Amino acid sequence: MAFSAFLVLSERFSLRRRISQGVFVTQQSSPPNHRTHLRQGAVGVAGILFFVLSAQAPLTGVAGTLPIPLGLGNGGGVPAVYLAVGVMIGLFSVGFIAMSRHVTDAGAFYAYVSRGLGKPLGVGASQAAVLCYSATQAGMYGLYGVVVQGLFQKYASIDLPWWVWTVGTICLVQALGSLNIEFGARLLAVLVVAETSLLVAFAIHEVLSGGGPQGLDLAGSFSPSAFFSGAPGVALTFAIACVIGFESTAIYAAEAKDPARTVPRATYLSVAVISIFFAFVSWMFVSYYGPDNVQDVARNALESGSATSVVFDAVTATLGSWATGAMQILLATSLIAGVLAFHNGINRYFHSLGSTGVLPAWLSRTNRQGAPYTASLVQTLVTLAMVVPFAIAGADPVITLLTWGGGVGVLALMLLYLLTSLSIVVFFRRTRFDTRRWNTLIAPMLSMALLLGATVLALNNFTTLISASGTTAVVLELTVVAVFTGGVVLGYARNRGAGTDPADPAPRDPTHDVTASA
């Protein structure tokens, strides 16, 4: 938020100087002789799907995150929690997709909330979205630095601090983020297929071998008693963390082939693939150890400081010793895929905010490949500003940077989902563009109720999520509130006498809307 305020102030100083020189520039105008349009028709359903899946970093979500809900949550009932989150997000997607037919914008949450609840709240949502993705990405960089540091120590006898590898990769991601979107989609596709193949191979082996000591026990993982055993709130919080980024399907609408069809298909596919994948793979790990034993195994691993051993030991014992080194390397590439996906998503938020006058117009510039290169550079600077202080302070990159970033990301995401659900209902009640009650009222209201309950559970388990004290939890919670509130204030300031905003246009007949006609 402070960085956004700095950008706004710098733009205003530049604007006054140009006016004093006799040059009039409207708020919405783009810098002369600069490209500002993203490349249209550049990516299809598969490309968008890989952007979404890479943001989940499947191997990271399984090896790095799964042991926590297994050990501290509801143990063998974790697979059912992933399915429950899939249902909740699926309900949210119904209204989300209905609105995507009328709003095609790279700043999805910003545009959706602006249309439904007004520009000030939309700007607040945009700042919360940038915080959500940036904090999550920064946390992933912390884990990445530790993983790569260990790899080079083990295989090359090179011992450098974690932050050296992290900063170097931040620069690499900056370069990749300035290339065309097709290249990014292809690269992410390769990385996602590589990391998921090992987990799928383990899961298939478990199915064919009949599972572990208790076999393939459906009741031990999917019954109501399994779901509500232990602390399901902890498991629910971590399951929600694993779906951060699914909504980025709408972020790429402006660059999609036939967005009216591509975005809905990619959204439903991503929700189904994410929830089923994590539910199935987690069930196989529960089956390997047995529903009655898995919580003790995971808790012991957490207490010994080797949480990843829950997954690494099982895969190595099943597939062979070669799998250990392969997983270590694939965990690093999984994290690269994740941070690149978040980098691309944040770029497009900055591009959208620059295009609509919320932030300086130069953020909307694109290069010859149609990539938002100035937004990419700003996003890189924001990432460095988040990561470098932890390195200077000598803080643990996993216990602090990863957990704090993930915790802030989850809270900001829940706020965004709630605001978007409400804006969907208000938008369609006001415009009547879509009169289907299930799509525009019932499903959004159901998702809002479930999301509100999930938010309460997340707050109640926040200290567990961030592995820190109550004071730290309050500070991080207030950070989300402060960023959102600051965005709302910025929205009011920018909206005062500013005229029409492309993200909040006057209602129009959907029959004349190209994105709604398909």
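Placement of Cβ uses the backbone N, Cα and C atoms for every residue, glycine included.
These numbers come from a predicted model, not from an experiment.
The annotation region 'Disordered' is assigned in TrEMBL to 499-518.
The transmembrane segment annotation in TrEMBL covers 42-68 (among others).
Beyond the transmembrane segment (80-100), the same-chain residues lying 6 or more positions past its ends with a Cβ under 8 Å from any Cβ of the stretch are 69, 73-74, 108, 112, 115-116, 221-223, 226-227, 232, 235-236, 239-240, 242-243, 246-247, 250, 253, 259, 263-264, 267-268, 271-272, 274-276, 278-279, 282, 417, 420-421, 423-425, 427-428, 434, 436, 438-440, 443-444, 446-447, 450-451, 454, 515. The transmembrane segment feature in TrEMBL is assigned to 80-100 (among others).
Residues annotated as transmembrane segment in TrEMBL: 121-142 (among others). Residues 1, 4, 57, 60, 107-115, 162, 166, 169-170, 244-245, 335, 338-339, 342-343, 345-346, 349-350, 352-353, 358, 379, 382-383, 386-387, 390, 397-398, 400-406, 408-409, 412-413, 415-416, 419-420, 423, 479-480, 483-488, 490-491, 494-495, 503-504 of the same chain lie 6+ residues outside the transmembrane segment (121-142) yet bring a C-beta within less than 8 angstroms of a C-beta in it.
Annotation source TrEMBL lists transmembrane segment at 162-181 (among others).
For the transmembrane segment (188-208), the residues of the chain that approach it from at least six positions outside its boundaries are 46-47, 50-51, 53-54, 57-59, 62, 216, 277, 280-281, 284, 287-288, 314-315, 318-319, 323, 326-327, 330-331, 333-334, 336-337, 340-341, judged by C-beta separation under 8 angstroms. Feature annotation from TrEMBL assigns transmembrane segment to 188-208 (among others).
Sequence annotations record features per position, and here TrEMBL assigns transmembrane segment to 228-254 (among others).
Counting same-chain residues at least six beyond the ends of the transmembrane segment (266-286), those with a Cβ under 8 angstroms from any Cβ of the stretch are 45, 48-49, 52-53, 56, 58, 61-62, 66, 70, 75-76, 78-80, 82-83, 85-87, 89-90, 93, 96-97, 100, 196, 199-200, 202-203, 206-207, 211, 220-222, 239, 242-243, 246-247, 249-250, 256, 294, 310-311, 314. Among the features that TrEMBL reports, transmembrane segment is placed at 266-286 (among others).
What TrEMBL lists as transmembrane segment is 322-342 (among others).
According to TrEMBL, the transmembrane segment annotation covers 373-395 (among others).
Remote same-chain partners of the transmembrane segment (401-428), defined as residues 6 or more beyond its termini with a Cβ less than 8 Å from a stretch Cβ, comprise 64, 92, 95-96, 98-99, 102, 109, 112-113, 115-117, 121, 125, 128-129, 131-133, 135-143, 237, 240-241, 244, 247, 386-387, 390, 395, 434-435, 440-441, 444-445, 447-448, 451-452, 454-455, 458-459, 462, 465-468, 472-473, 476-477, 479-480, 483-484. Residues or ranges marked as transmembrane segment by TrEMBL: 401-428 (among others).
Using a Cβ-Cβ cut-off under 8 Å and counting only residues 6 or more beyond its ends in the same chain, the transmembrane segment (440-459) has close neighbours at 88-89, 91-92, 94-95, 98, 233, 236-237, 240, 410-411, 414-415, 417-418, 421-422, 424-425, 428-429, 434, 465, 477. Annotated transmembrane segment per TrEMBL: 440-459 (among others), in sequence order.
The feature transmembrane segment is assigned by TrEMBL to 465-490 (among others).
Outside the transmembrane segment (465-490) by six or more residues, the chain places 1, 4-5, 8, 120-121, 123-128, 131, 234, 237-238, 241, 358, 399-400, 403-404, 406-408, 410-412, 415, 458-459 with a CB less than 8 A from a CB of the stretch.
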